[in-house]
Amino acid sequence: MDTVPKEVPIPASGSPASAEDATTRPSAPLQYRVVAKCGVTKARVGVMSVRHADVDTPVFMPVGTQGTLKGVLPEQLLALDCRIMLGNTYHLGMRPGTTVLEKAGGLHRFMGWPRALLTDSGGFQMVSLLQLAEITEQGVRFQSPYDGSECMLTPERSMEIQNAIGADIMMQLDDVVKTTTTGPRVEEAMHRTIRWLDRSIGAHARDTEQSIFPIVQGGLQPDLRRACAAELTKRNTRGFAVGGLSGGESKDEFWRTVHLCTDLLPEDKPRYLMGVGFAADLVVCVALGIDMFDCVFPTRTARFGCALTRAGQINLKQRTFAQDMRPIEDDCDCSTCRTYTRAYLHHIVTVEPVACSIVSVHNVAFQLRLMGDMRDAIQEGRFPAFVKSYMAVRFPDDTVPQWIRDALAAVNVQL
């Protein structure tokens with residue numbers, strides 16, 4: 001069963017927690033323990049305790065790039081029992097900037113979010129904003145998409161911004177290349193990521209309150225992934241991430257890289273797969289041993305009128321839903337499914353701004369419920385059966401993609 005969420009008062013940025021909450025905080029800023037393992041696959045259930053919450057894993061983390069989840073209020077996330085969400089260092093460093101964040105007492109206070117936060121380092125913007133960026137050993141020189149001004153994001157500056165944000169978990173600045181890149185640039189980026197980790201650790205000013213996760217890079221080359229993981233695990237960090245995937249590679253290359261990386265990373269620390277959020281991918285990657293996921297997909301697809309179900313995504317704009325008086329999902333207890341019909345949502349999606357919020361609440365609830373269902377299945381010793389049942393619903397009539405069959409077979413689940 002899931003643990004009860006722990007919430008503590010939010011100390012101002014840079015100040016110690018008060019004496020009265022000291023007994024409820026972990027002695028280290030992040031403690032992780034495995035509470036159950038699947039006897040067939042590499043799936044496991046854990047509890048990751050940070051300053052602001054006990055986070056049950058495997059977990060999906062909604063993305064609030066600018067300090068807000070598009071269309072969803074913090075209190076709505078609390079009602080869904082969301083324990084952790086994301087912010088983005090690059091965007092928050094540009095706007096509102098560290099001066100405002102420090103004056104507000106950190107991002108928790110600024111946005112009114114009492115539970116855990118993880119911040120991306122800004123490295124992904126090397127790919128997504130490549131036309132605006134120049135990458136050197138010093139760091140990444142960006143042209144602001146807001147006002148056109150130039151700024152340099154170094155490992156040290158990324159840490160400075162993330163220390164001001166006050167996130168419970170911070171990502172190192174890594175050298176990110178497009179997944180399908182080949183040649184010497186991939187190895188260069190891998191080695192630079194290791195050097196930038198050491199600079200990040202040296203610049204981290206709040207190690208008693210915040211934890212750095214290194215990021216395993218190396219493209220689709222197993223030898224580079226092994227070399228990177230071997231170096232990163234020599235550093236005394238409290239968790240690890242797998243980066244550089246979901247960027248155009250084949251699904252076969254994707255799962256094989258994930259499978260390799262989870263074999264290379266420590267058993268006693270959380271493993272975070274960055275930027276993955278499709279439901280079938282979550283199920284497969286939990287089986288492969290991943291503990292943490294994030295993606296903008298649930299809220300982004302909601303803005304286009306699409307809702308998530310166990311049988312797959314449905315497009316509420318389609319006329320087939322014009323007189324459908326069912327909720328999005330019959331067995332979902334989110335506020336959207338308790339209140340609104342598919343017909344009503346068909347009437348307002350992509351037309352009324354509130355529709356984005358209504359569908360986003362369901363889509364986030366769907367992701368969180370899927371993770372909870374997997375945690376329960378692992379703890380009850382029925383995870384392989386859960387995987388088979390899920391795939392039968394998601395891909396009826398024996399249409400499961402071959403990559404999923406191969407990935408699950410690698411961890412002893414035959415579909």
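Numbers run from 1 along the shown chain.
The backbone N, Cα and C atoms fix where each Cβ goes, glycine too.
Copied over from TrEMBL, here are the features:
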ACT_SITE  ASP120  active site, proton acceptor
ACT_SITE  ASP294  active site, nucleophile
BINDING   ASP120, SER121, GLY122, GLY123, PHE124, ASP174, GLN217, GLY244  substrate binding site
BINDING   CYS332, CYS334, CYS337, HIS362  Zn(2+) binding site
DOMAIN    41-393  domain 'tRNA-guanine(15) transglycosylase-like'
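In the shown protein chains, 22 other C-beta atoms lie within 10 A of the C-beta of the residue listed as 'active site, nucleophile'. Distance between Cα atoms for GLY244 (substrate binding site) and ASP120 (active site, proton acceptor): 13 Å, as a whole number. For ASP120 (active site, proton acceptor), the same-chain residues that are 6 or more apart in sequence and have a Cβ closer than 8 Å to its Cβ are LEU86, GLY87, ASN88, THR89, TYR90, MET171, MET274. Sequence-distant neighbours of CYS332 (Zn(2+) binding site) (same chain, six or more apart, CB under 8 Å from its CB) are HIS362, ALA365, PHE366, ARG369, listed in sequence order.
When the Cα of SER121 (substrate binding site) is compared against those of the recorded positions ASP294, CYS334, CYS337, the shortest separation belongs to ASP294.
Within 8 A of the CB centroid of the Zn(2+) site residues CYS332, CYS334, CYS337, HIS362, the other residues of that chain are PRO327, ILE328, GLU329, ASP333, SER335, THR336, ARG338, VAL361, ALA365, PHE366. Across the fold, the C-alpha of GLY122 (substrate binding site) and the C-alpha of CYS334 (Zn(2+) binding site) stand 33 Å from each other. Summary: among the binding-site residues (GLY122, GLY244), the fewest other C-beta atoms within 10 A of the C-beta are counted at GLY122. The number of other CB atoms found within 10 A of the CB of HIS362 (Zn(2+) binding site), across every protein chain shown, is 25. Averaged across the domain 'tRNA-guanine(15) transglycosylase-like' (41-393), pLDDT for the predicted model comes to 95. For GLN217 (substrate binding site), the same-chain residues 6+ apart in sequence whose C-beta sits under 8 angstroms from its C-beta are ASP174, ASP175, VAL176, ALA189, MET190, THR193, LEU224, ARG225, CYS228, GLY243, GLY244.
All chains included, 28 other C-beta atoms sit within 10 angstroms of the C-beta of SER121 (substrate binding site). The Cβ of ASP174 (substrate binding site) has 31 other Cβ atoms within 10 Å, all protein chains considered.
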